């Protein structure tokens, strides 16, 4: 494995980690407020479809992205109404969202485009272009750090950088603002927040909608940044890997960044090498791919510190009369 | 009309329509979807051609999940479809169990062999077609590295990869062949994002021609190749039109002809194994207006020579599925 290989793997890691990261932060907002969200997958899928479809129809990727975000937020709202207002089971609502998204996207795609549940391939303005970070060209000559900056960090689409900036933003909102304090409190002890005269439901709706926004970005990145159009079930389980990353990150923003980068790195590694030769032992590809799940189970079992979910997670709040 | 009478009329109508549908052929589209621009789409095109030419009707269902295979096959047979065409190796074990229960129905399976008296098995010599596109890839490559992206890691897909690697090595011994599979579950047929990422990884390792045999995942591979200015080779259907200018060719597998012939034969269909190869154009290299600028005369000439040599037995292309090993590529 040469230095050049490592740069290429890191480049791939960043691309693969971005949708995971956005979805993971979405789950973080939702779960921190006490709403368990296994509908990340469905929201990403519906956003992927609408962003690709609108981008294909209008030829403008930005309109596509807005449509994707809107669709994802509508789905988030459905989850909110079911689990906050009507106090339904949050897991069941999440599963329903996933099924609804899988079926609905295929059906609408077939009706709109008649290309067998896919959108036409996007070209030109209908796709996110890659951005070169400032001075990437000039710095590429600097040993070691130059290529790292110019080849691995630079040259991604704008949503990648949005995803990475979302990490400090999430940290700031959750831990440095009044809204964040209340949001975290509502996930731990909604009764106390209610006693303080703050609306539990309004806070939870806000969290769920932020989750919708972030999932919308993740979906738009998949369909208009990485791929060039929507295909059936194109999220391929990324929403669930993001959930695993969320547990792995113990519901913390900076940990989420490292968890998603690690999971992305493992995927990039397995894409690159069919067997990983570590000198003494050879690790098969399938094991590298399974590692995210194995690591999550290890964390859940409490071997590496404790992963404590927000205490009020999954329970609808019933106001005492 | 009393309620009872209504029911009876309805029942009679159903019986009549069932009777009329007796000799309609049936087609079960496999996972990956009818419009995967590849394997299933090719089958669908064949069925449509039959409809256009004969004006006949046929029954069609599309599988939505692995668990529906048996149920769908049985329902198709019970609704009176004959013959029932099922697509893909993954149906083999199911058909093995279902076929004996419907001795009056004929089944056709594409891409696998099922040894039952009422089953016709159609298999293709994909290794020979892949050999030819492998030769073209090696001749078109400037970097000396070519690559392959497979869908689900199964012997059939390794057969493609193995044929491709042999063809590439036949042009030059020094050629490097990189091979990656998308996954080990059926989801691997439908993950264009991962397909694209695999292709990018291969291109960053020096590959400048990528062959995708991956169903719907292949769309992402071909797109990534177009984005990175590398050449790509499509599979099953002629995919040359998807990205004119970067599509070197497509390894066409005439699933459409297989379906068309099965529909045409109707109830007269002959059970047994049929192998479709280069001679009867069961597999072929796609040449059209979209790739004529990329294919040089030398390529065309050597491919034609190789085709004849394979037909005459002068070149023996190793079939991975025969002994689960490949002389030109390690997996």
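Every residue, even glycine, has its Cβ placed from backbone N, Cα and C.
Predicted automatically and left uncurated, TrEMBL annotations should be read as such.
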Per TrEMBL, the transmembrane segment among A:65-84, A:125-144 spans residues A:65-84
Please give the sequence-distant neighbours of the transmembrane segment (A:157-175): residues at least 6 beyond its ends with Cβ less than 8 Å from one of its Cβ atoms. 14-15, 18, 21-22, 25, 28-29, 32, 65, 128-131, 183-184, 214, 217-218, 220-221, 225, 253-254, 256-257
Restricting to CB pairs under 8 Å, which listed stretch, A:12-30, A:91-113, A:240-266, is in contact most with the transmembrane segment (A:205-228)? A:12-30
Apart from its near flanks, which chain residues at least 6 from the ends of the transmembrane segment (A:91-113) lie with a Cβ under 8 angstroms of it? 36-39, 41-43, 45-46, 48-49, 53, 56-57, 75, 78-79, 82-83, 119-120, 230, 232-233, 239, 314
So, do the transmembrane segment (A:12-30) and the transmembrane segment (A:286-304) meet, by the test of 3 or more Cβ pairs under 8 Å (sequence gap 6 or more)? no
